[in-house]
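Peer 1: Feature table excerpt (Swiss-Prot):
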- Gly478, Pro479, Pro480, Asp481, Thr482, Gly483, Lys484, Ser485: ATP binding site (BINDING)
- Lys559: SUMO cross-link (CROSSLNK)
- 452-602: domain 'SF3 helicase' (DOMAIN)
- Ser90: phosphoserine (MOD_RES)
- Ser94: phosphoserine (MOD_RES)
- Ser108: phosphoserine (MOD_RES)
- Ser121: phosphoserine (MOD_RES)
- 187-353: region 'DNA-binding region' (REGION)
- 107-116: motif 'Nuclear export signal' (MOTIF)
Amino acid sequence: MADSGNWEGRCTGWFNVEAIVERKTGDPIPEDENYDGGDTDESEMGDFIDNAHIPNIYAQQEIAQALYQSQQANADNEAIRVLKRKFTGSPGGSPDMKRDEFIDKQLSPQINVLSISSGRSTSKRRLFEEQDSGYGNTEVETYETEVPGLGAGVGCLQNVNEEGNQIVSPRESSSGSSSISNMDIETESTPITDITNLLQRNNAKAALLAKFKEVYGLSYMELVRPYKSDKTHCQDWVCAVFGVIPSLAESLKSLLTQYCMYIHLQCLTCTWGIIVLVLVRFKCNKNRLTVQKLLSSLLNVTQERMLIEPPRLRSTPCALYWYRTSLSNISEIVGDTPEWIKRQTLVQHSLDDSQFDLSQMIQWAFDNDITDDCEIAYKYALLGNVDSNAAAFLKSNAQAKYVKDCGTMCRHYKAAERKQMSMAQWIQHRCDLTNDGGNWKDIVLFLRYQNVEFMPFLITLKQFLKGIPKQNCIVLYGPPDTGKSHFGMSLIKFIQGVVISYVNSTSHFWLSPLADAKMALLDDATPGCWTYIDKYLRNALDGNPICLDRKHKNLLQVKCPPLLITSNTNPKADDTWKYLHSRIKVFTFLNPFPFDSNGNPLYQLTNENWKAFFTKTWSKLDLTEDDDKENDGDTVQTFKCVSGRNPRTV
């Protein structure tokens, strides 16, 4: 290829090889064909075609085409990148995208690559179309645009990217900024389907209420008291169910019988089908969700077609409606009528709704031995459904005043009752209020376990209960965990005595509970407490009258009740309190309190056991004032603060 002649010869041969397509390599060449490239052929063909610049032209065209394709590819990639950034954050894509397509694209972004369809599909027309507001937020139908390839004329689809977002083809993006601005649609706006469902759900209850009023002639809300929470419990419910199948509506009464104590069923027909109105009282309290699930399973009706609220219990018109409709032939009744309907419709129940009587409330508190104000208020309010006076109490606007007055009067009556009884009568009264079945041996065995002789203890207890001077105080002394406090507390609980604490000794009123007590306990007396007793309470230990200071009241002179003291200090072993030695009787508890293998006390010091103990030792304790009770009756008159009433006549 150094000389021009040889190069031109090969070029001519190249054209001959292209023309001879069917000759194979290795075939023999005929002799009549000359491929030597002589001077004669070169001179004959040299002036026919000027091909000196052909290789350079082809090279330039190939370079330009490759450069153009590279530029177009970069432009396409840039346009795709810009659109991806623009629509990032809207994984749902267009609002018209179907749910299945959205799920598929979320699970596999490359699912569109495997599609065998033509891809030319438009979104279907929706049932509720959004009106065009003119602000460019209208939903538009998207078409797949075919973008022809610039190299070999092959088209490709470029309208949806991997994330399901609509993008613009390179041809449209190169036409100017106006085409891109037309595609600037806010994809994160609320879908029209969600808004429609929301409107339908909000308007559903209004539509049901309107249809109910049209069919039954009165408003549903006039019969019920709405509950805001679906989890609030109630026993009575008013249920309206729309579009019930006739066969299920007829069998509803028998289906509900196993769940309810009372059923009032009405069925009317309208354009929507059968509307069932039922007043039910369940056997136990239920909330709205439970009632919805029950009716949905029995009637095969969705919860959106139900109205469920509790009835108005204090509305006379509502009670009259249920009473009047129960007498007609459109209603089916099962069970006894609820008391709130009877109370407002029947004559006798109306007469029972009298005014509140405080004396009945006081009598109830006295008979049940309830003196705490909060306990009186709570337990008496629970009787509102069975007691007419309690119902009147609940209707009153002065409940707090009534509770305070009731508690005050009940405490006064109880204090007067205790003061009227002797110690023997009071112990007998406490025994009457205690159950039988106790074992007196547990108390005796515990005293024997602590090495306390039973007969001296019994003699001291007899003098202690009588309040004999110098015998009015018993001290239980011993190391910790020997059962002193347990023994003393069990006795005070049975006698229903009071407990005083030295921690309140800085107050002038810390001894005021002794004014109304039959027996008192001072637990865990320390050396400082013994010093205080030696200085100020010698007369109290003697059993003589003392003067007590009460808050907001005058000083009260009373005889100190029998006083039981527990202590880890033996006052008789210290001469500092030598003036107390003759005023107290000390019993020593030295052994730890015994427990069984389960951790329970080995000796049960209960009210039943104390009742059995006093019954067994009644004569030895000289509690013989009421020996003739069986013949003469009870000497204590039964308390009654309610005046007699004549039966009311109509």
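Cβ atoms are placed via backbone N, Cα and C, with glycine included.
Could you tell me the structural context for the features on the list?
Peer 2: Asp481 (ATP binding site) falls within neither a helix nor a strand when secondary structure is assigned with DSSP, and so counts as coil. Of all Cβ atoms in the shown protein chains, 12 besides its own fall within 10 Å of the Cβ of Asp481 (ATP binding site).
Over all protein chains present, the Cβ of Lys559 (SUMO cross-link) has 13 other Cβ atoms lying within 10 Å.
For the domain 'SF3 helicase' (452-602), the model gives a mean pLDDT of 91.
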Peer 1: Looking only at Gly478, Pro479, Pro480, Gly483, the binding-site residues on record, which one has the least crowded Cβ, with the fewest other Cβ atoms within 10 Å?
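Peer 2: It is Pro480 that, of the binding-site residues Gly478, Pro479, Pro480, Gly483, has the fewest other Cβ atoms within 10 Å.
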Peer 1: Identify which of the binding-site residues Thr482, Ser485 has its Cβ surrounded by the largest number of other Cβ atoms within 10 Å, counting every protein chain shown.
Peer 2: Thr482
Peer 1: When you measure from the Cβ of Lys484 (ATP binding site), which residues in the chain that are at least 6 apart have a Cβ under 8 Å away?
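Peer 2: Leu476, Tyr477, Gly478, Thr566, Ser567, Phe589 - these are the non-local Cβ neighbours of Lys484 (ATP binding site), listed in sequence order.
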Peer 1: Cα distance, Asp481 (ATP binding site) to Lys559 (SUMO cross-link), nearest Å?
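Peer 2: Just about 33 Å between their Cα atoms.
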